[in-house]
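Features reported for this protein in Swiss-Prot:
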type     : residues                                       : note
DOMAIN   : 5-67                                           : domain 'TRAM'
BINDING  : Cys80, Cys86, Cys89, Cys168                    : [4Fe-4S] cluster binding site
BINDING  : Gln276, Phe305, Asn310, Glu326, Asp353, Asp374 : S-adenosyl-L-methionine binding site
ACT_SITE : Cys400                                         : active site, nucleophile
Amino acid sequence: MARTRNRFDRTPFQTAITDLSHDGRGVARRDGEGGKVTFISGALPGELVRAEPTARSRHFDEAKTVEVLEASPQRVAPRCPHFGVCAGCVLQHLEESQQIVAKQRVLMDNLERIGHVTPQAVLPGLTGDNWGYRRKGRFSVRRVEKKAKTLVGFRELDPRFVADLSVCYTVIPQIGEKIPLLAALVEGMDGKRDIPQIEFIAGDDAVALTIRHMQPLSARDQQAWIAFAQEHGFAIFLQPGGVDSVHPLWPQEVPLSFRLPQWDVDLAFRPLDFIQVNASLNQKMIVHALALLDAKPDDRVLDLFCGLGNFTLPLARVVREVVGVEGDAGLVARAKDNAQRNGLDNAQFYAADLTQDQRNAAWMRQGFDKLLLDPPRSGALEVLQQLPLKTFERIVYVSCHPGSLARDAGYLVNEQGFTLVSAGAMDMFPHTAHVESIAVFERR
């Protein structure tokens, strides 16, 4: 929707906050605007604030908090000095125990409003580490000529700009405390204008940086990266083109993996592979999902969008057989290798685009007792519409977007005759508005 950012009244106004939006902003209705909704960054429910308008559109306005006149008892001082500028976190001003409560409300609202479903039970919110948890991410890199400096960080709330970060407390300390050193390193390079992003990922025994560069790195710049890696304990990968162009600069062999000790499983991965961001929450989530699935020794389980085998391989320790299906052929290859490395011969993997017709696929014709799925933000409706759903006793759906979960839940309950037994939020990304969730469906 087009927004008007040119000529409108930016005079600060006083208003009461009634709710929290799905993206972590306070919600107000201005009587002088005919009850028009205004989304106000930095505001919490129950507060009285003075806010400055920042954008207007036909159906809603946007503003930012300039003064809190009456604070919520749930308000806390943000730990990060960049809060309110950096878009990496938007909920640091909300007490930690209340963040999962807010996310539960977002989930339930989506289920009722979009899916027209209500769970029989609300699962307790699942939480893990709140600080230093982010083991995978991507920093934007930008040379600002007017300031004669290089910025490394996440985007600002205004996504046109890169936040000038001195630290990030949600990123693992090995990375979050070294952001200024990264910026200074790039600033001193010959190709400082040719590096648009730096990705980071951490295993249990190594931390890797992948440098996206638009032009070949000079020998001097390559040596600078190697020296930085040796001093700070990083592995460096270079990415001159697409994903397939990623290759190690130093060292040549990097043991990237993470362990799931409860199931005696070790998952190896590559520097741009998808892994769950929050290691402690991931382990709790797997325990939670397998318990909700009620996996039994004689079960055959289908695991869709299986990735590296994050759920598949723990399931293989519990059930008779598990089949994992994933759209990324590289991840499937790694999942097969992981199964072999862990001595699991009861896990099969298939590469398949789950947004396309799979009704004649070999894995689709196999019989299964239960289904676990962990789709991307777009959800799983296309594949759900093809599955022989009535053969599954139970479905556990792990979601990274409450809207697509709600849509798919509506399909399962209102069109396919399943019962939504329970659902609940999981705080994979503390201090952000991101809502991870899990839902359980049973055949009626």
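Placed from the backbone N, Cα and C atoms, the Cβ positions cover glycine too.
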Where DSSP helix means H, G or I and strand means E or B, what are the helix, strand and coil counts for the domain 'TRAM' (5-67)?
3 helix, 34 strand, 26 coil
Look at the binding-site residues Glu326, Asp353, Asp374 and tell me which residue has the greatest number of other C-beta atoms within 10 angstroms of its C-beta.
Glu326
Under 8 Å by Cβ from Asn310 (S-adenosyl-L-methionine binding site), same chain, sequence gap 6 or more:
Leu267, Ile275, Gln276, Asn282, Ile286, Asp374
Any same-chain residues 6+ apart from Cys168 ([4Fe-4S] cluster binding site) with CB under 8 Å of its CB? Would you list them in sequence order, or say none?
Cys80, His82, Cys86, Gly88, Arg134, Gly153, Phe154, Ile175, Gly176, Ile179
With S-adenosyl-L-methionine as the bound species and Gln276, Phe305, Asn310, Glu326, Asp353, Asp374 as its recorded binding residues, calculate the greatest Cα-Cα distance and give it in Å as a whole number.
21
Most Cβ neighbours inside 10 Å, all chains, among the binding-site residues Cys80, Cys89:
Cys89
Cα-Cα separation of Cys400 (active site, nucleophile) and Asp353 (S-adenosyl-L-methionine binding site), in Å?
19
Identify all same-chain residues not among Cys80, Cys86, Cys89, Cys168 whose C-beta atom falls within 8 angstroms of the centroid of the [4Fe-4S] cluster site's C-beta atoms; report them in sequence order.
His82, Phe83, Gly88, Gln92, Phe154, Ala163, Leu165, Tyr169, Thr170, His431
